[in-house]
């Protein structure tokens, strides 16, 4: 039964409004939310899942076209010499495919999307990243239930009025801001870190679009982020520290903290899923060590440091506008630094949480890339994730040379022959002959 056109457009419009509402509530917290309403893990999971879905669609479409062509050739033999012609067509098809892959690489397309072998590795890292993100959210929810309410006493055992642990970063911020703006304890714009995360995340999303190795970067990013999420989940779950946020502390004195007197499970299981999917509607408290927001900011900074350079993006545009890559790099690092400052300034975390997050993120990033380049300890998981020899990938030297010339090489022109000739041989083979 056909759906009327007007009803179809109405259904499509309602679906668009639902998606837009979900994205808005997911990526941006409403003003005056108690704490940050942005979940970096959910952001990256959705972005990686979207790239994986597009890749699977393109790969399936490519396989369908190949099967149709194969069936047609089998059902319509041309002459008795069909087998010989088929072999020639196979050679020419392979040659044309290689040239198409080469030119698509020059144009900035992702040829890895046409390989299920490559997409399986990306799908594995995305799945593991989703599981560890949920575990991290579950640990944060449990920590919120178990957050202690502390009273800081003076030396003469009187109430000092402080509800948080002594923190040098908080004290320095209070001292400097009080000198500049008057009496200031903390920034009451609690979703200010989200603004910097959105700024940095938008730049990284654009980089994923224009970078020729976008799927490899996403695969490594999700693998590293998954490991850090797993480590953070254990750290948050095993020890619950007093929350640094004034709004989370106020839960002990208002009805918002009534849930703390209820059993943790099974409500925590469902609440963790809600926190991961719609973080602006559900807050978490007590997940102090270490800062997940800082992890995301530093990971974005490490991406531009490693992959946003002339070796990776040597294009006519970047050569003409040489300042583009440094501008992107410095913008991300500046946004990350200001985001870390905002995290401490809003008392979303202690300074210790931020410092540990910076160290863990940078160390994990360099360790993974070191193992990917030289897996001397023969870690099977790393070997499988980084084994791309069976997948058509981009020859980076040829990619850079193609970007410089912008045309086919002399060898490409000479070796392109009609069907009646034998397929071209490699330069190495000619030299050996």
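Just so it is clear, glycine is given a Cβ too, placed from its N, Cα and C backbone atoms.
Checking TrEMBL for transmembrane segment across the ranges 179-195, 196-212, 213-229, 230-246 points to 196-212. With a cut-off of 8 Å between Cβ atoms, the residues of this chain six or more beyond the transmembrane segment (327-345) that come close are 169-170, 173, 177, 186-187, 192-193, 195-197, 199-200, 203-204, 207, 291, 293-294, 297-298, 300-301, 303-305, 308-309, 351, 354, 358. Among residues of the same chain six or more beyond the transmembrane segment (122-145), those with a C-beta under 8 A of the stretch's C-beta atoms are 39, 41-42, 44-45, 48-49, 51-52, 55-56, 215, 218-219, 222-223, 225-227, 229-230, 232-234, 236-237, 240, 248, 259-260, 264, 268-269, 271-273, 275-276, 283-288, 292, 385. Beyond the ends of the transmembrane segment (288-307), by six or more residues, the same chain brings 36, 38, 40-41, 43-44, 136, 143, 193, 196-197, 200-201, 203-204, 207, 211, 213, 217, 221, 224-225, 228-229, 232, 235-236, 239, 241, 243-244, 313, 328-329, 332-333, 335-336, 339-340, 343, 348-350, 352-354, 356-358, 360-362, 365, 369 to within a C-beta distance below 8 angstroms of the stretch. Per-class residue totals from DSSP over the domain 'Sphingomyelin synthase-like' (284-369), listed helix then strand then coil: 62 helix, 0 strand, 24 coil.
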